[in-house]
Each structure stands twice: as C-alpha cells, then as structure tokens.
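According to TrEMBL, the protein has these features:
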type     : residues : note
DOMAIN   : 122-250  : domain 'TFIID subunit TAF5 NTD2'
REGION   : 297-351  : region 'Disordered'
COMPBIAS : 297-308  : compositional bias 'Acidic residues'
COMPBIAS : 320-331  : compositional bias 'Basic and acidic residues'
REPEAT   : 379-420  : repeat 'WD'
REPEAT   : 452-487  : repeat 'WD'
REPEAT   : 494-525  : repeat 'WD'
REPEAT   : 536-577  : repeat 'WD'
REPEAT   : 578-611  : repeat 'WD'
REPEAT   : 620-652  : repeat 'WD'
Amino acid sequence: DRQTLVAVLQFLRRSNLRESEEILRREARLLGDDLGGNVATVATSSPGVAAVAAVPPGKGEARGAAGSVPSGGNPGKWGACLLLAASGALRCAGTQGSVSGAVVVEDQPDVSAVLSAYNQQGDPTLYEEYYSGLKHFIECSLDCHRAELSQLFYPLFVHMYLELVYNQHESEAKSFFERFHGDQECYYQDDLRVLSSLTKKEHMKGNETMLDFRTSKFVLRISRDSYQLLKRHLQEKQNNQIWNIVQEHLYIDIFDGMPRSKQQIDAMVGSLAGEAKREANKAKVFFGLLKEPEFDVPLDDEDEEGENEEGKPKKKKPKKDNVGSKSKKQDPNAPPQNRIPLPELKDSDKLDKVMNMKEAARRVRLGPECLPSICFYTFLNAYQGLTAVDITDDSSMIVGGFADSTVRVWSVTPKKLRSVKTAADLSLIDKESDDVLERIMDEKTASELKILYGHSGPVYGTSFSPDRNYLLSCSEDGTVRLWSLQTFTCLVGYKGHNYPVWDTQFSPYGYYFVSGGHDRVARLWATDHYQPLRIFAGHLADVTCTRFHPNSNYIATGSADRTIRLWDVLNGNCVRIFTGHKGPIHSLAFSPNGRFLATGATDGRVLLWDIGHGLMVGELKGHTDTIYALRFSRDGEILASGSMDNTVRLWDAVKAFEDLETDDFTTATGHINLPENSQDLLLGTYMTKSTPVVHLHFTRRNLLLAAGAYSSQ
C-alpha cells in the first residue's frame, strides 16, 4: 500500500540508493501526481530526483524534506505545486508551515521562467546515448513509420542541446552538437547556425529565436500507429529524458489513418514551429468576391470584382480581383456585403469603373496558346538602391522606394505629373467654370518624375491607392507615410511599429491598409486614424510581406518564420496557417476569384494553397533564387513569378488548380498528393540581362509589366 511504499522510498533515499528509488517510483507510478492524503513531492537540490516526504495528517512539518506543507491544505494540490520548484518558480521556506513565494503565474513567457523549464535534466553524459538510442530505433523501424518518426530528430536535438547549455554542461553540449547536427534536414541549416553560437547559459537570455522555440510547442503531425510505436519504445527503455521533452515541448497532432510518406511530410514541414495544427485551418473563410455595385452602364461580363471598389478599380495589387464570378449573382462563398464597413463609391470612382470596363472588353484572353507580352521597366543607374516598386491599377504611374530614403514617382504615359497650384494662384481661379478641375493643376511644375522626401531610412514597401489619389510608403525608420498624389506632399506619418516596416498595402477598396514589420506583427490601419484598428500577432519572426484578399475581409501575411497566415479583418483572428516553405516568405498573390493563394520564398519554390480547404494544392519548382514578385493575370489563367535569379516565369494557373483532390480525408489528415513534375505547368521562362525582378503587374488588357534595377556584377 502507499504508506509502505513511501517508507521504502524514504529508506532508499537515506541509504543514498538513488537509482533504486527512481525505479521504484516509476514502477509505482509515483511521479509527482497526487501521492495520496499525506505525501508531498518536493524538489531537492540533486538534479532529476525528487524527494518524497511523508506528512502525518494535521502536522505542519515535512520530515526529512526540503520544504513544508501548510497544515489543513490539500496535500495533493501541494504535491503538484511543489514539483514546480524544479523549474525555479518556487522557493520553499523552512519548516514553519508556510511556503513563501508560492505564486505560480502560468502562461508568462518571462525569459527566466521560460528557460528554467530546462532545469529538470538527467545525467549530461547520457544525452548522446539517449539520442543515438532513439535514432537507432527510428532508423530500424518500418519504412512507413520511419518517415513520420524522423520528424522528431530536429526538435529533440534542439531541446536536448539547449538543456545541456542551460545547465552549463558546455563540453557535453558541444560534443552533442558536433555529433548530431549533420543528421538534421538541410532546410534547418540556418536555425542550426544560430543554435551553434549559443554555447553558454548567458547567451540564451537575449536570443529571440530560441525563446520562441521554447515558448511555442513544436508541432508534429503523426499517425496514431507511429505514435503508439514511439510511446511503447520510450516507456520500455525508460527513456524519461526524451519522453519529458516530447510531453513538455512538442505538440503531437495525432490523426487516424495511413502514415504519410516522406514526400508528403517534406512538402509540409520546415517552418520554425513545425507544421500547423489541423485545428488551425478548420475555421470557415468567406473567400468569395463581393457583388459589384449596379450602375447605368452596360456592364461587361468580365470585370467583376475587379472594379471592386473605390472607383479606381481595384488597386493594382488587388488587380486580381477583376475577374471572378462574372455573373452579377451573389457568390455563395462571399462574405455578407456589410460584414466590414467599406467606403462609398464617389462619382470619380464610378467613372473609373466605366473606363475599366471598356478596357476589360479589349482584354486579351491568355492561356498556354496565348501568352502575354512582357514589358520590362529597368531602373538604370539606381545607385540609391531600389528597394520597392508599385504600379497603379490603370498602369499610368510607377513608384520606386529607395535605400537613400526617397520615394520617386514616374508617369509611364505621355501625361506629365502635375500638382495643384499654390494657394495664392488658386484664389484667382473662377470656381464656377466648367474646367475648374483642369485649371487648378499647375502646368509650370509638371514633370515626368516627382521625388518625395520624408523617410529617414530605406523605403521597403510602396502602394498606390485604388483611386490613384494617395500613395503609401513604409521604411526602416518604423513609420508608414501617406502621400497625396495631388500635391506630392506627405499627409500623415503612422507610427505604431518600433522597428523597420517591411511591407504595406492598400485594401482593394481603399481607405484601409495593412503593414508588417520586424516586430513580428501586422497592423491594419484606416487612413483617417492615427492608431491601428487591428494588430495581428502570432508570427514567430518578422512579417516580411502583406496582402489583402480581393474581398478585403482577409489579410495574408508571410513571415521569416517560414509560415503564411490568413487573418480575419473583422475580429483579428488567425483563420489559416500554411507551412511548407523552407525559407522566409517574400511574395504573396491571391487569385482573382479569391479561392487560391500563391506564395514565394527564398527557397525558390512557389506554393499554391486552397484557402477554403486550408490545403497546399501545388508546388512550382524552377526558380533558383528568392521569389520577390507573384501576380495572377486579370482572369486568373496565368501566374507570373519574378525572382532574384533574373527571370520571369509564366505558369498555367488553370491547369494547376483543376481536378484538385480535396476530399474529406485529405482535408482531415493533410495527405496531400502534389504532382511530381511542375514542368508541365511552366509555360515560359524569360531572362533579363542582369536585372533581378522585384515587381510584376498585369495591365487591364493583360500586358505583363515587370520591374527591377539593373545590377552590374
């Protein structure tokens, strides 16, 4: 019975027979759970061993233990509480019946609390043995389980190494790292480089990457059969060290069904925190397009959501919105029209929509047999360092953001850029005349180029408003600026990010815009508010790129943590997490019908995602360097990608998205089956002489415009 057990355990402890005590405690399952009415578990100074002290009911003293249990308390509760002493969260006073400092605050990633979880550690000399034992077991298991269980190597390697470093076993840590780091997958090389520089406990305090690794559980998706196999092995071997890490630091998302193959796993892993939990992609997403407003112009069957909003038919980035449903009926997957408040259409917006429809009528229908012409804008002698480009939806202006902190706007048409006259000149104008809007513009200062000064660091993102009246720019100086394209002056500086802002983009309907930066959050703003309306927090590293969904109800963000997240503008929730890229994400593009998302990263791959089902549905391989630009043609038939490898590639989007297998089983378990060869989808590769491609844009008639700065290597 329990009392006898406790007495025997105490005897073993007094006789210093630690190992026997450990074995007995394990056999009797007295591992710190409620040990019964009169026993508390108290952490002692010897690593990895907890003393079990008997407490006679009603007495306030714990004999032979390093702490005490208040009389009348619930000893079971204290048993659990005192265990926390192992993580340094609790200090036990003498035997006065009081526990001082026993305030356990959960869920606070306070640096010392986070790191102290590494205190419960075993014999440092056995770590290599534990790890190689597990490695041997996995490598000898059946092929079907081996691929799934191999996912454990990396997170266990990192946590065991950090545990050794934290407990100051520096030489053991070094030899553990050297022996096993070569076994890790190639896409973790950058993380391992950071890890190898952490060789002392002090280094861990300020290292954000490692803190993230500590605070967020690494997610592994494993079939029930493989998991049972692992559990049985660790219990038979009594390999507590590894079992503790699995339980404390990993989140195993178990599914019923066939184990996944190596290819299926490789396609989905690689992010900083493992895969997304399946639960993360279950929420309903309204990916359909909003209904076009009715007005008295013969609407063409094609420009559908395109016109989306503020007159200026969707702004260039959203340009994709253009096509989509083609019918005037409400899309069943669309959000309610008033789900989020959108700005009213002005007369000028309606005019612009009419223009857009006329252009759309002359649009070229693209396809494998009819590829677009490509017009490349090369920035020559850009000694200032070109860091961002944007083109207006109607392709009339192009803007460059530069490393010398300037923003330069060019007219791409014969029409020069004119600003409004000075106040003195304006007072002389007859306000009743028919051409008053022409008269207020100053011809004397008209030019092809306007330079905007105001930022105090490189400009990393630029975005024209859909109505072409405003321009956004974001910079290393931590601000987002709104410029007027009537006066070419800065109207507002939005301060919210404390660090560099990497990207910003206007909503397809204007008014709202999003920004993302080094502080790991994306912020949603409205042009008339100084403070952000929403803060989207969840990424574990810089938010490197941001994009509005064509219906403006959602925002996609790509991050250096190698994941893409989709956020709901209405409530700020994260409704999708996509993992699979092996490097930071640098480009995002929604398909014009709102159903799909294309993403590009430093790994040179373009991944395609089905937003409704939350699944990866394609992988386009071909680029050999970072992909900085992605854009769908106006009707969604072609996907263009531009890269640092100096090429533009065109892909057959229709073929990529047809016959998708999105049955319930695939959706539930993530058994994705990607076509082996993406070369069938590649329609063309176009080399520049020596110009990395940083921006792509389809005009309203489907001419492809590309931009980049010539680099003379």
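All residue numbers here begin at 1 and follow the chain in the order shown.
Each residue, glycine too, has its Cβ placed from N, Cα and C.
The DSSP breakdown of the repeat 'WD' (379-420), given as helix, strand and coil counts, is 0 helix, 22 strand, 20 coil.
The DSSP breakdown of the repeat 'WD' (536-577), given as helix, strand and coil counts, is 0 helix, 24 strand, 18 coil. Remark: secondary structure over the domain 'TFIID subunit TAF5 NTD2' (122-250) totals 101 helix, 7 strand, 21 coil, with classes taken from DSSP. When Cβ-Cβ distances below 8 Å are used as the criterion, the repeat 'WD' (578-611) is approached by residues 187, 190, 267-271, 274-276, 281, 285, 287-289, 305-306, 318-325, 333, 541-542, 544-551, 556-560, 562-566, 617-632, 634-636, 639, 641, 643, 645, 651, 653, 656-657, 660, 662 of the same chain, each at least six residues removed from its ends. The repeat 'WD' (494-525): residue composition by secondary structure is 0 helix, 19 strand, 13 coil, according to DSSP. Predicted-model confidence for the repeat 'WD' (620-652) is 94, expressed as mean pLDDT. For the repeat 'WD' (452-487), DSSP puts the residue distribution at 0 helix, 19 strand, 17 coil.
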